[in-house]
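Worksheet for the structure shown next.
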């Protein structure tokens, strides 16, 4: 029977090594990450300001978009500043408690992002399939209650993750082959049986992201069924056009999310640097692209963006 010292079981710090195999390129990789982070900050803060100050945008779709923007900001701000510190100053050291906090914030807010996309899909379903009752069904009170429920779900399902990691012994190494603290990355360096924790993580992922994706698919099946029964081609195209921004955001969010999730658990032949790059894209690309997608495709937001930045230049 092995006996560990407390300092061996719970190291005071972990060491993030960045992207294995691409250490020499860290400085160059920091440039797109830094630019993407700045775009995410400016875009999402501008989006929040525009929606808050324009009463015509106080509709369920844009209220969910505000919630998504806040979650986006939390996710990328939790991970990217530490990543840039690692790339610029080789500062990979992160305290044990800060690492667990990073795990909780990244996973819980990512779950909330997924939930807000479901809320937006429900808004599109009601607006297209039951337009006369849209304002009666999705009142501000109902929209706020749905948002709170999504936040509560994210906290409730993911609050156990840091404790599952805290109770593990880390006697092999305190070096994490990643740019941020992530549940499976810590599981891999633990020197104990982790099958139950892995199973719990898999169940949580299915009950959140998996169920959310199924609900979004069901919403769009019903939407398409309604659209195809419209009398004219112009009406069909115009109705589908109202869903374009949301579909783009769904693709931007779920494509790297599913790739990262599947390669972590089943993609043993995928090169580590590919997996880690995709995992970082999952945290940074959606927060960067969401304001751009809605800014380009939504006339009201696009006009306010132009007016806002025109005033700043003046």
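Just so it is clear, glycine is given a Cβ too, placed from its N, Cα and C backbone atoms.
Owing to the predicted nature of the structure, the values given are computational and were not obtained by experimental measurement.
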Stated TrEMBL location of transmembrane segment, expressed as one of 137-160, 161-184: 137-160
Cβ contacts the transmembrane segment (62-84)/the transmembrane segment (202-228), at least three under 8 Å, sequence gap 6 or more: no
Long-range Cβ neighbours of the transmembrane segment (240-262) (under 8 Å; 6 or more residues past either end): 61, 68, 110, 113-114, 117, 120-121, 124, 127-128, 205, 209, 213, 216, 220, 223, 227, 275, 278-279, 281-282, 285-286, 289-290, 293-294, 297-298
For the transmembrane segment (274-296): best-contacting stretch of 27-50, 104-125, 202-228, by Cβ pairs under 8 Å: 27-50
Cβ contacts under 8 Å made by the transmembrane segment (104-125) with residues that lie 6+ beyond its boundaries: 60-61, 64-65, 67-68, 71-72, 74-75, 78-79, 138, 143, 146-147, 150-151, 153-155, 157-159, 161-162, 180-183, 208-209, 212-213, 215-216, 219-220, 222-223, 242-243, 246, 249-250, 253, 257, 282-283, 286
